[in-house]
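Colleague: In case it's useful when we look at the structure, here is the feature table from Swiss-Prot:
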type     : residues   : note
BINDING  : K63, H96   : isopentenyl diphosphate binding site
BINDING  : D103, D107 : Mg(2+) 1 binding site
BINDING  : D103, D107 : Mg(2+) 2 binding site
BINDING  : R112, K196 : dimethylallyl diphosphate binding site
CARBOHYD : N211       : N-linked glycosylation site
TRANSMEM : 3-23       : transmembrane segment
Amino acid sequence: MAFPGAGPILGAIAVSSCLYFLFDYVPIPRWWDKNAYLIGQMHPDEITGLECPYAYLRQIYGKYHWAPFVHKISPTLQKDDYPKYVMVLEIMDAIHLCLMLVDDISDGSDYRKGKPAAHKIYGPTETANRAYYRVTQILAQTTKEFPNLAPWLMGDLRDILEGQDMSLVWRRDGIGGFPTAAKDRAAAYRKMASLKTGALFRLLGHLVLENDSMDEVFTVIAWYSQLQNDCKNVYSSEYAKLKGLVAEDLHNREMTYPIVLALDAPEGHWVTRALESPSPRNIRNALKVIRSKYVRDKCTAELAESGASVKEWLQLWGRTEKLDLKA
């Protein structure tokens with residue numbers, strides 16, 4: 001005997017049973033799982049040919065990419081003390097590349113030198129952990145095999161991370177956590193750059209020479225490198241293609257030298273607005289200020305002044321992207 005309305009009820013029960021089975025027995029597809037981004041892609045070695053994110057980034061930059069600097073500092077080190085020569089290059093690769101791995105995660109970068117950023121393939125959790133693991137390995141190896149280099153490495157690594165922390169705090173707290181006077185802003189940014197980037201370059205001199213006699217030179221080289229990188233981020237179309245985004249720093253509300261100068265330029269309130277709320281409109285108007293002749297000329301003058309005394313060193317760095325984007 002059929003009961004009126006039984007059909008819809010039985011249908012609902014059947015649908016509910018099917019849904020229960022699907023949700024209880026069938027795993028969530030990887031592409032739909034919110035944790036998949038953190039985990040990374042399965043079998044990344046089939047994509048890159050390499051199982052490790054550090055090895056992947058090292059392949060992009062090339063092994064021992066600091067070698068030209070080592071040869072200029074000490075032309076005979078490779079012959080006189082080959083184990084130390086190799087160790088210095090291993091340390092520089094490890095510290096520099098591992099900082100990049102974590103930096104790309106912090107910035108949410110999609111690309112590094114035109115290639116997918118490591119965390120986009122291996123996942124941010126594994127990429128960050130591998131970076132910490134590699135740095136720990138190199139610290140342990142240095143302490144055991146070259147104990148005389150360990151204090152230099154530890155001190156400079158501390159300074160690098162202090163500078164990075166300053167930059168991240170500014171990004172977190174926004175313009176309210178940054179000095180208000182133009183002179184103080186520039187000084188604060190230079191201090192951060194001297195720690196984050198300067199300590200990396202000074203580390204090379206400390207490791208090779210085991211003294212601080214090259215500190216002044218490497219601080220200048222580092223400042224030029226930081227300034228050049230800051231300028232490329234907002235003025236270079238080639239760099240934008242490699243990063244996959246124009247003005248990535250501004251989108252990330254990160255302080256850079258052009259942005260710091262633009263805060264006190266005519267119409268600088270647009271830069272403040274973009275740092276507080278990076279909407280497309282605010283970003284667009286802020287870029288007009290950052291790319292204005294006023295800011296661009298100041299950046300160009302600073303590049304020329306800081307690079308004048310270290311031209312031979314800068315040729316070794318080999319960065320040639322053109323600053324072709326204007327307001």
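Here the Cβ of each residue, glycine as well, is placed from N, Cα and C on the backbone.
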Colleague: Round to the nearest Å and give the CA-to-CA distance linking K196 (dimethylallyl diphosphate binding site) with N211 (N-linked glycosylation site).
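Modeller: N211 (N-linked glycosylation site) has its Cα 20 Å from the Cα of K196 (dimethylallyl diphosphate binding site).
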Colleague: Cα-Cα, whole number of Å: H96 (isopentenyl diphosphate binding site) versus D103 (Mg(2+) 1 binding site)?
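Modeller: Each residue's Cα considered, H96 (isopentenyl diphosphate binding site) and D103 (Mg(2+) 1 binding site) end up 10 Å apart.
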Colleague: With Cβ-Cβ distance below 8 Å and at least 6 positions apart along the chain, what are the contacts of D103 (Mg(2+) 1 binding site)? List them in sequence order.
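Modeller: D103 (Mg(2+) 1 binding site) has long-range Cβ partners S109, Q164.
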Colleague: Any idea what the Cα distance is from D107 (Mg(2+) 1 binding site) over to K63 (isopentenyl diphosphate binding site), rounded to a whole Å?
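Modeller: A Cα-Cα distance of 24 Å.
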Colleague: For the residue listed as 'N-linked glycosylation site' and K63 (isopentenyl diphosphate binding site), what Cα-Cα distance in Å is obtained after rounding to a whole number?
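Modeller: Cα of the residue listed as 'N-linked glycosylation site' to Cα of K63 (isopentenyl diphosphate binding site) measures 25 Å after rounding.
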Colleague: May I ask for the distance between R112 (dimethylallyl diphosphate binding site) and K63 (isopentenyl diphosphate binding site), taken between their Cα atoms and rounded to an integer number of Å?
Modeller: 16
Colleague: Using all protein chains in view, find how many other C-beta atoms are within 10 Å of the C-beta of N211 (N-linked glycosylation site).
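Modeller: So the number of other Cβ atoms within 10 Å of N211 (N-linked glycosylation site) is 10.
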Colleague: State the count of C-beta atoms found within 10 angstroms of the C-beta of D107 (Mg(2+) 1 binding site), not counting that atom itself.
Modeller: 17
Colleague: Using a 10 angstroms cut-off on Cβ to Cβ distances, just flag whichever of H96, R112, K196 is the loneliest among these binding-site residues.
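Modeller: Relative to the other binding-site residues in H96, R112, K196, H96 has the fewest Cβ atoms within 10 Å.
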